[in-house]
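K.L.:
Below is the structure I would like to discuss, written out as structure tokens.
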Amino acid sequence: VLSAADKANVKAVWEKAGGNVGKYGGEALDRTFLSFPTTKTYFPHMDLTPGSADIMAHGKKVADALTLAVGHMDDLPGALSKLSDLHAYKLRVDPVNFKLLSHCLLVTLACHLGGDFTPAAHASLDKFLSSVSTVLTSKYR
């Protein structure tokens, strides 16, 4: 459960990322594919060359979904219900991949935000991404 301090930290990090969240999402997805090549299996239809337009576009989709989640931290299941259905029933993404992408997003944000990515912000964002992952995999039964 996210505390009030966690929610404030997550909102602060997301605001600092500002208009770059789409770019950071693409970079995090790139980092995931490079670090964990098995994650590429879900994207046979995409150009997975590092920095490709396909990766950047999907990374922006990820970032947009996270922006939605940041705005609905008190009701993540409601806000992410359609995405949960998509990932569980249609795409059938292995739940471990959400953890891998979350890790790569944390690394990406740390690289870009520097001193603004404090240990407290890191911990709060990690909890937030874990909560998002839990919601996205909640229908995997």
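Cβ coordinates are placed from backbone N, Cα and C, and glycine is handled just like the others.
Summarising the annotation, Swiss-Prot assigns domain 'Globin' to 1-141 and lists sequence analysis as the type of evidence. What Swiss-Prot records for Lys7, Lys11, Lys16, Lys40 is N6-succinyllysine, and it gives similarity to another entry as the kind of evidence. The N6-acetyllysine feature in Swiss-Prot is assigned to Lys16. The feature phosphoserine is assigned by Swiss-Prot to Ser35, Ser102, Ser124, Ser131, Ser138 (among others), with similarity to another entry given as support. Summarising the annotation, Swiss-Prot assigns O2 binding site to His58. Feature annotation from Swiss-Prot assigns heme b binding site to His87. Look at Swiss-Prot and you will find Thr108, Thr137 (among others) tagged as phosphothreonine, backed by similarity to another entry.
Quick one: how deep are these features, and who are their neighbours?
P.N.:
In the three-state DSSP scheme, Lys7 (N6-succinyllysine) falls into the helix class.
Around the Cβ of Lys11 (N6-succinyllysine), the number of neighbouring Cβ atoms within 10 Å comes to 15.
Lys16 (N6-succinyllysine) falls within a helix when secondary structure is assigned with DSSP.
In the structure as shown, the Cβ atom of Lys16 (N6-succinyllysine) sits within 10 Å of 16 other Cβ atoms.
Listed in sequence order, Leu100, Cys104 are the same-chain residues six or more apart from Ser35 (phosphoserine) with CB atoms under 8 A from its CB.
Under a cutoff of 8 A between CB atoms, and with a sequence separation of 6+ in the same chain, the neighbours of Lys40 (N6-succinyllysine) are Phe33, Leu48.
Taking the Cβ of His58 (O2 binding site) as centre and 10 Å as the limit, one finds 16 other Cβ atoms among all the protein chains shown.
Cβ contacts within 10 Å of His87 (heme b binding site), excluding its own Cβ and spanning all protein chains shown: 22.
Sequence-distant contacts of Ser102 (phosphoserine), defined by Cβ-Cβ distance under 8 angstroms and a gap of at least six in the same chain, are Asp126, Leu129, Ser130, Val132, Ser133. In the three-state DSSP scheme, Ser102 (phosphoserine) is classed as helix.
Cβ contacts within 10 Å of Thr108 (phosphothreonine), excluding its own Cβ and spanning all protein chains shown: 22.
Taking Cβ-Cβ distances under 8 Å and a sequence separation of 6 or more, the neighbours of Ser124 (phosphoserine) in its chain are Leu2, Ala5, Asp6, Lys7, Asn9, Val10, Val13.
Around Ser131 (phosphoserine), a 10 Å sphere centred on its CB holds 19 further CB atoms from the protein chains shown.
Look at Thr137 (phosphothreonine): DSSP puts it in coil. The C-beta environment of Thr137 (phosphothreonine), restricted to residues of the same chain at least 6 apart in sequence and closer than 8 Å, consists of Ser84, His87, Ala88, Pro95, Phe98.
If you draw a 10 Å sphere around the CB of Ser138 (phosphoserine), it holds 15 other CB atoms from the protein chains shown.
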K.L.:
List the Cα distance (Å, whole number) between Ser138 (phosphoserine) and Ser131 (phosphoserine).
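P.N.:
Counting only the Cα atoms, the answer is 10 Å.
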K.L.:
In this predicted model, what is the average pLDDT of the domain 'Globin' (1-141)?
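P.N.:
The average pLDDT of the model in the domain 'Globin' (1-141) works out to 95.
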